[in-house]
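Trainee: As annotated by TrEMBL, signal peptide applies to 1-20. TrEMBL lists 21-209 with the feature domain 'GH16'. The feature active site, nucleophile is assigned by TrEMBL to Glu95. Per TrEMBL, the feature active site, proton donor maps to Glu99. According to TrEMBL, the feature N-linked glycosylation site maps to Asn103.
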Amino acid sequence: MAALVALLVGLVVLVGSVSSAKFDELFQPSWALDHFAYEGELLKLKLDNYSGAGFQSKNKYLFGKVTIQIKLIEGDSAGTVTAFYMSSEGPTHNEFDFEFLGNSTGEPYSVQTNLYVNGVGNREQRLNLWFDPTTEFHSYSIFWNERHVVFMIDETPIRVHANLEEKGIPFPKDQAMGVYSSIWNADDWATQGGRVKTDWSHAPFVATYKGFEINACECPASVTADDIAKKCRSSTEKRYWWDEPVLSELNLHQSHQLMWVRANHMVYDYCSDTARFPTVPTECVHHHH
């Protein structure tokens, strides 16, 4: 593991990578600027009964790693959703989602992940977190290369979506994606299926952010869709860190971490929801995890 960390640190400086921990270098508010608060290195997004708030990256990316540290809403956060996600645009967009679902005080905080590939989603998994995400900052990351998409919390993998194109299953590898985060009211579904509503007497609900890092292949608007994939793939002329063989699959330690998370904290997996999917989705049959 130490060797892998050293590799990641050493290789992020290679061509095509950008990295920063300052919000305004990488991101910009996208709506409800009056619900933003800046306190030194901290950014706070506020939700009240007038509005939520959201921000987006200034650029789009194909392959690499995106990390944001978040301290989620304290106390009774039922009905609220704080989201961190990557997405491309259009009806056949790709998207990778973290959605943190608010709860009534004392209940475990849960995170729902989802993927859209070519506009098709319905791939939800839900975990109860094994820590209190409201008392300290935790790192939430999306790592992405041509082999797989890995969702991570504090570097622990919680979900892997492998490239199964040889089985005829589309994989998100040719659309540059923006990075987004937002906070909003979703009490029609977020907490106990919508049974617990948002208690606005506890507003404003505040999610706090820091440590914004993007180590990925930047795709300026001037780069055409046809050239994006070529630009961000390794070749004989350039070697990107995310294409290193050691990152083509989870190592043994990471595989054990993922199995532990799934065995102890998963509360919903679309792959085993026979009511929604009487026929098991094809990728569920072939995924190792």
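Note: Cβ is positioned from N, Cα and C throughout, glycine not excepted.
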Trainee: Near Asn103 (N-linked glycosylation site), which residues of its chain come within a Cβ-Cβ distance under 8 Å, counting only those 6 or more away in sequence?
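Mentor: Same-chain residues close to Asn103 (N-linked glycosylation site) (Cβ under 8 Å, separated by 6 or more) are Asp76, Ser77, Ala78, Tyr109, Ser110, Thr191.
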Trainee: Far apart in sequence but close in space: which same-chain residues, 6 or more away, have a Cβ under 8 Å from the residue listed as 'active site, proton donor'?
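Mentor: Once residues fewer than 6 apart are set aside, the residue listed as 'active site, proton donor' is near Val81, Thr82, Ala83, Tyr85, Val111, Gln112, Thr113, Asn114.
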Trainee: So if I draw a 10 Å sphere around the Cβ of the residue listed as 'active site, nucleophile', how many other Cβ atoms end up inside it?
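Mentor: So the Cβ neighbour count for the residue listed as 'active site, nucleophile' comes to 18.
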Trainee: Can you tell me the mean pLDDT for the domain 'GH16' (21-209)?
Mentor: 92
